[in-house]
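This report refers to the structure that appears directly beneath it.
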Amino acid sequence: MELETIEYNKSFNICENGDSKGVQLTFKNISYKVENKNYNKNKKEKNKNKIDPEFVNLDNKTENSNEKEITILYNVGGVIEKGELVALMGPSGSGKSTLLDILAQRKSTGKITGQLLVNGKEIGEAYKKYCSYVTQEDVLLQTYTVFETLKFYADLKLPGVSEIEKIKRVEKVIEDVGLTLKRDSRVGGVLAGGVAVTGLSGGEKRRVSIGCGLITNPSLIFLDEPTSGLDSVAALQIMKTLLNLTLKGVTVICSIHQPRPEIFQLINKVMVIIKGKMIYSGSNILEYFESLGYPCPNNTNPADFCLDSAVEIGEGERYTEICNQWENKWENQLTNEIEYPSLNVDIPKTTSWVYQYWILLNREWRGFIRNKGNALSRVITAIVIGALFGSCFAGLKESDADVQKIMGTLFFLTTGLMLSPFSMITLFLSGRQLFNSERASKIYHSFPYFLSMITVELTIEFFVTLVEVTVCYMLARLRMDAGRFFFAVLVYSFIHSLSTFFISSLANLTGTSDLTFSYASSLSVVFMLFAGFYVPTNELPRAFGWLHWVNPAFYGYSSVVINQFEDLQLKCTDEPCKFTNGNQVIEYYGIEDWTRGGSFGVLVAWATFFYSLSYFALHFLHREKR
């Protein structure tokens with residue numbers, strides 16, 4: 001067979017004529033096993049009750065099996081040619097999504113055996129470079145437009161490509177997925193906090209997800225249930241879009257449940273899996289089922305008929321016989337398969353962390369600015385809280401009579417800034433799904449992502465803190481000389497940031513808002529109780545005296561107290577005078593052994609600790625498991 005000569009642009013693995021260079025994908029004897037988590041439990045029950053294990057159906061193991069491992073796929077094989085639209089079909093739990101994940105090299109758990117060949121050769125590191133995977137859920141940034149979303153992927157997945165070429169590629173993909181009229185429309189959805197952004201329909205979002213996978217012009221694209229959750233019209237549009245891609249040489253492989261007749265007619269090849277075994281792969285499935293004694297009645301959806309017949313075969317006595325017959329037939333067909341030349345292109349390098357950080361930082365800032373409700377509410381809240389604190393303690397004097405009020409002002413300002421990041425719990429967790437999806441696609445590293453998110457958050461928090469502290473300090477008439485005021489702003493900014501890292505680390509460790517709020521609120525009560533305001537540190541019971549040493553709030557609070565009272569002369573309003581100068585106040589509260597710089601240094605160390613904990617929890621925990 002004579003192949004068309006297509007010149008490659010090696011810089012980012014697309015053909016000069018805009019079409020993808022096709023490949024042949026062959027998989028042989030693919031088996032997949034997972035650990036049976038109930039094995040030990042079943043073993044104990046077996047020994048206890050003396051149950052005969054012969055009742056177990058070894059062809060359809062479940063979690064109640066007495067085997068150490070559960071086999072999900074059994075020696076599955078097949079050939080997928082260039083430019084085919086292939087549908088993996090089967091009832092729920094048959095193994096079609098598992099096979100799709102294995103072919104896309106996205107399976108991160110279990111034990112996989114068998115061979116996966118591209119153009120007759122074992123796959124290597126380059127395999128994922130010319131494959132794309134589209135998940136069942138459309139995980140997209142709600143405030144970005146269609147163009148911005150695809151441009152984001154182009155920036156991170158096409159290293160070494162000029163800006164002009166990236167834009168051309170994005171415009172081409174937008175045209176390919178039929179979203180030219182929606183180019184500048186926002187994706188839309190519900191933001192953290194419940195704010196709804198008007199945007200695309202479900203079918204249009206699915207096409208954006210497909211477009212993200214097409215940015216690198218892949219030779220293979222895998223889709224998990226691309227029509228799931230869509231109405232019949234949107235589902236048909238999606239499948240027509242995929243069919244158009246196959247005409248350009250892209251091989252499309254998708255799992256699909258029960259397509260309507262119009263969709264079924266678009267499919268080039270159907271692979272049917274029942275109970276982990278392949279019973280058919282080809283383009284004449286109705287004829288094959290008829291040869292097995294299952295003719296398709298008139299006026300019946302062929303897809304429904306095929307699925308019903310497959311289920312009946314799986315539950316019948318001929319299941320093993322039919323599976324073995326198909327396996328032998330497929331092995332004979334394999335000897336006559338067409339050999340394509342191997343794909344021999346340079347593997348594009350990934351973008352640098354610095355570049356990833358810059359692109360992600362740009363996206364974070366746009367996301368914040370476009371979420372106007374969140375931005376405005378945070379500024380207004382800072383002004384209101386600062387005004388409330390300042391008004392309650394307005395016009396304080398540098399006298400011994402107002403020492404307690406000054407201490408209260410400093411304490412409640414500290415605790416207010418520590419508690420304000422609680423509102424960010426949903427924000428941290430809402431971005432987690434998007435991060436996991438993008439990380440699984442390997443478009444950026446977790447460190448640039450985390451750093452960009454924290455950079456934006458800290459910048460916003462510094463501004464909010466500056467507003468709140470300025471309003472409060474001016475109304476309460478606390479020390480406003482430049483050095484001490486800006487040091488107070490710096491300390492309060494780190495208190496705010498430390499609390500953000502603390503909440504972020506708990507959110508990344510627990511993965512749920514309920515647990516995060518429960519742990520954070522409990523620990524915050526402990527932090528406030530032993531911060532040194534309610535009970536001076538030198539008056540704490542011995543059993544609890546050590547707690548203030550491991551309390552970040554203590555170091556932040558002591559810093560601003562020392563900053564306020566150090567070398568301050570106090571006026572005596574009544575006799576006897578309890579405090580004549582601020583140093584006596586510092587001594588009374590048991591922090592005379594600390595300096596404002598020393599306390600601030602420990603506060604910075606705590607902030608660094610929670611920053612590191614938050615990052616490592618994000619990087620190593622709650623990864624996408626397939």
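Glycine too: its Cβ is placed from the backbone N, Cα and C atoms.
Here's what Swiss-Prot has on this protein:
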| type | residues | note |
| --- | --- | --- |
| BINDING | Gly90, Pro91, Ser92, Gly93, Ser94, Gly95, Lys96, Ser97 | ATP binding site |
| DOMAIN | 56-300 | domain 'ABC transporter' |
| DOMAIN | 373-621 | domain 'ABC transmembrane type-2' |
| TRANSMEM | 376-396 | transmembrane segment |
| TRANSMEM | 409-429 | transmembrane segment |
| TRANSMEM | 447-467 | transmembrane segment |
| TRANSMEM | 485-505 | transmembrane segment |
| TRANSMEM | 515-535 | transmembrane segment |
| TRANSMEM | 543-563 | transmembrane segment |
| TRANSMEM | 600-620 | transmembrane segment |
Exercise. Could you name the stretch, out of 447-467, 485-505, 515-535, 600-620, with the greatest number of CB pairs under 8 A to the transmembrane segment (409-429)?
Key: 485-505
Quiz item: Is it the case that the transmembrane segment (485-505) and the transmembrane segment (543-563) have 3 or more CB pairs under 8 Å, with pairs at least 6 apart in sequence?
Solution: yes
Self-check item: Cβ-based isolation winner (fewest other Cβ atoms within 10 Å) among the binding-site residues Pro91, Gly93, Gly95
Solution: Gly93
Quiz item: Which residues, same chain and not among Gly90, Pro91, Ser92, Gly93, Ser94, Gly95, Lys96, Ser97, have a CB within 8 angstroms of the centroid of the CB atoms at the recorded ATP site?
Solution: Thr98, Ile273
Practice problem: Find, among the binding-site residues listed as Ser92, Ser94, the one whose Cβ has the highest number of other Cβ atoms within 10 Å in the structure shown. | Solution: Ser94
Practice problem: Just jot down the residues in the same chain as Ser97 (ATP binding site), at least 6 apart in sequence, with C-beta under 8 A of its C-beta; none if empty. | Solution: Leu88, Asp224, Glu225, Ser255
Exercise. Please average pLDDT over the domain 'ABC transporter' (56-300) for the predicted structure.
Key: 87
Practice problem: Determine the Cβ neighbour count for Gly90 (ATP binding site): the number of other Cβ atoms within 10 Å of its Cβ. | Solution: 27
Quiz item: Against which stretches of its own chain does the transmembrane segment (543-563) lie, if we need a Cβ under 8 Å and a gap of at least six residues from its ends?
Solution: 407, 410-411, 413-415, 418, 479, 484, 487-488, 491-492, 494-495, 498, 502, 526-528, 530-533, 537, 585-586, 589, 591, 594-596, 599-600, 602-603, 606-607, 610
Quiz item: Cβ-Cβ under 8 Å from Lys96 (ATP binding site), same chain, 6 or more residues apart: which ones?
Solution: Leu88, Met89, Gly90, Ser255, Met271, Ile273
